[in-house]
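Chemist: The following block contains the structure, expressed as C-alpha cells.
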C-alpha cells in the first residue's frame, strides 16, 4: 500500500493506513517528500512509526540539496534496501551533496527552521482563506477541500472561465510562478487542467511575514479575477506590487557584492 502525495492539501492518517495494511497482510510504503520539513518540526504527523518504508527528498520542504533518503524501522527490510541501493543503483558518493544534507538536517533541528515551517503553514492558510472569499467564488474559482493543512493550496477552476494553463500564464505575467495541476474529476485535458498548485515554502524561506503573505494572496486573487473578466489592464500594477515585495525580501540578504 502506497501513501503520499504531490498535490493534496490535507494530512494523511498513517495510523489508519497501517491498520489496513496489517489487516490485509501488506507492506505500507509512504513517500513524505513534500511534507518532510513539516514532519521534522512536529507540524505534521510522522509516518516513520507506522510505515514499513518511508522515502523523502532532501529538498522541497526540507530545503536541502537535491537528493533522497530511505528509512525503515525493520532491520530485515533495511538490509535489503542497502543491498539494492549499493552497488546496484548508486555509484561513487558525492561528498558535497552529503555535506549539504548534513547542514540541512542540522538546520531542520533548529528553532529557526520550525518558525519558518510555521510561517509556511500560516502563508498557505492565508492564501486559502483569500481564495475562498465571495469575489473569487463569483468567478467560479474555489479551493479544493475548502482549505489546507499543509504547505500548498490546490485551486479548483472547473467552474471558471479560466483553465489551469491560462491561470498559470496570467500569474507568470505578474511574476508569480505556480503550476497548473489536475483536480479530481477534471474535465479538461491533462496538459491544460482545471487547477493550480500554489506552494508557500519558498516565500517563507525568503522571510515573508503573514502580512506579506496576505499581500501575495490579494495579488493572486486580483490577478485571477481580472483574468476571468478579461481585464488584463490591471496586470502591470499587480506586477509592480510583486516586484516591490521581492525587493524587500532578497534571496540572499547577507550576501555582499564582489568588491564591497
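Note: Cβ is positioned from N, Cα and C throughout, glycine not excepted.
Pulled these features from Swiss-Prot for this protein:
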type: MOD_RES; residues: 60; note: N6-(pyridoxal phosphate)lysine
type: SITE; residues: 59; note: site 'Plays an important role in substrate specificity'
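For the listed features, I'd like the structural context: burial, neighbours, distances.
Modeler: In the three-state DSSP reading, residue 60 (N6-(pyridoxal phosphate)lysine) counts as helix.
Spatially close to residue 59 (site 'Plays an important role in substrate specificity') yet at least six residues away along the chain are 65, 66, 67, judged by Cβ distances under 8 angstroms.
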